[in-house]
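Have a look at the structure below before the remarks.
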């Protein structure tokens with residue numbers, strides 16, 4: 001079929017449209033030759049040779065008079081013969097095979113990474129769930145202990161006997177730990193072997209009589225003083241005030257660690273200590289410096305101070321301890337209390353300082369409830385360090401303040417004025433400031449910088465997305481951008 005060219009050198013309307021729109025590879029007579037080239041090109045079968053395809057295409061395209069600009073697409077068409085098509089197919093198969101061999105290790109590494117991420121995410125979720133349960137358990141056990149003491153005081157007021165009785169329950173700490181070991185550990189050990197392993201907290205030789213008296217005696221005395229002063233404060237003040245004042249022990253721990261252990265100085269913790277002292281003064285002022293109020297505040301601050309001294313001395317002489325060593329040590333304190341401090345309540349009984357009519361008249365239910373919750377609190381504090389983040393244990397302790405406040409409001413035992421409420425809030429804020437890590441300023445700066453980098457990356461991505469969107473819209477509308485040379 002002959003192509004009839006128009007006076008301007010364009011054969012058909014389609015050729016005019018292609019020339020106007022600037023179609024790449026356009027040459028005059030393109031539309032007429034397109035139909036003939038389609039009919040002449042046949043499909044290539046694997047292993048077959050078609051030498052006539054080149055000549056067929058070249059004979060059809062040779063009569064045409066073309067310019068130098070249109071010669072490039074013609075040569076491109078001529079190079080697409082049978083061998084070219086089959087060659088492209090073979091190259092594609094080879095490339096796909098090479099890509100498959102390259103992507104196999106990449107896919108396996110990506111799967112390993114995804115599995116590791118899933119494991120880390122599940123461990124974090126489990127720690128958070130355990131942390132929530134520990135927070136609720138710690139705060140509720142401490143609130144329950146404090147409120148049971150207040151109820152017991154209505155009919156029975158013997159604070160030292162109550163302290164001695166509850167401390168004796170610490171003997172059960174190690175048996176509870178060993179029961180958990182038997183239930184969870186794959187390689188189970190005998191009680192004596194586990195006891196000797198955990199007794200390494202006293203030294204390489206384990207627990208000897210000399211170390212029992214030397215290391216256990218001061219800590220047992222501090223333990224007894226802490227609990228005894230806490231119970232004395234509960235007689236003079238409400239449970240909310242005593243629990244809030246006891247939270248000052250964090251500030252005292254920092255001050256003693258800074259002085260004795262030469263720990264790092266932190267300005268934010270000095271501010272927290274000042275806030276704790278301010279709260280103490282405001283708590284005493286809440287009742288216009290009444291005698292009972294001042295004495296109660298002194299007892300509560302004394303309890304917090306002895307608790308801080310206990311923790312600092314433990315860190316100085318014994319260092320850090322795992323759960324088993326802590327259970328062993330607390331049980332040892334219970335034995336020491338039973339053996340060497342039992343004479344103190346006997347002396348107080350015969351001197352009628354703490355006297356009761358008969359043992360049958362003792363409120364054994366309240367006493368056992370108080371001692372059981374106190375033991376549960378000590379166990380939860382040590383278990384929580386293993387199962388979750390240690391900071392959550394401290395949060396559980398400070399949450400006992402609003403818990404006791406809620407119970408006191410329900411019992412109508414406390415009237416919150418502005419000064420008492422402000423003192424409680426200031427002490428709690430100071431306690432939370434003490435929980436900040438030592439590198440809190442560096443962590444905060446890193447977090448702010450990461451947020452800035454993320455915002456800049458998002459801004460760049462938005463710009464690129466908008467530019468790509470504009471390009472696709474321009475192509476869809478038929479506009480062609482011609483690059484400048």
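Glycine is no exception: its Cβ is also placed from the backbone N, Cα and C atoms.
When TrEMBL is compared with the stretches 414-436, 437-459, 460-482, the one noted as transmembrane segment is 414-436. Per TrEMBL, the stretch carrying the note transmembrane segment among 182-201, 362-381 is 362-381. The range from 103-123, 124-144 that TrEMBL describes as transmembrane segment is residues 124-144. Your range for transmembrane segment, going by TrEMBL and the list 79-97, 212-230, is 212-230. Of the ranges 212-230, 242-261, 326-350, the one with the most Cβ pairs under 8 Å to the transmembrane segment (156-178) is 326-350. Between the transmembrane segment (414-436) and the transmembrane segment (242-261), three or more CB pairs separated by 6 or more residues in sequence fall under 8 Å, so the two stretches touch. Counted over residue pairs 6 or more apart, the CB atoms of the transmembrane segment (362-381) and the transmembrane segment (267-286) come under 8 Å in fewer than three pairs, which marks the two as apart. Here the transmembrane segment (267-286) has Cβ contacts under 8 Å with residues 241, 244-245, 247-248, 250-252, 254-255, 293-294, 297, 301, 417, 419-420, 422-424, 426-427, 429-431, 433-434, 436, 440 of the same chain, all six or more residues outside its ends. Within the same chain, residues 158, 160-161, 164, 167-177, 195, 198-199, 201, 207, 212, 216-217, 219-220, 223-224, 318, 356, 378, 382 sit at least 6 positions outside the transmembrane segment (326-350) and bring their C-beta atoms closer than 8 Å to a C-beta of that stretch. A contact between the transmembrane segment (124-144) and the transmembrane segment (293-314) is absent, since fewer than 3 of their C-beta pairs, 6 or more residues apart, lie under 8 Å.
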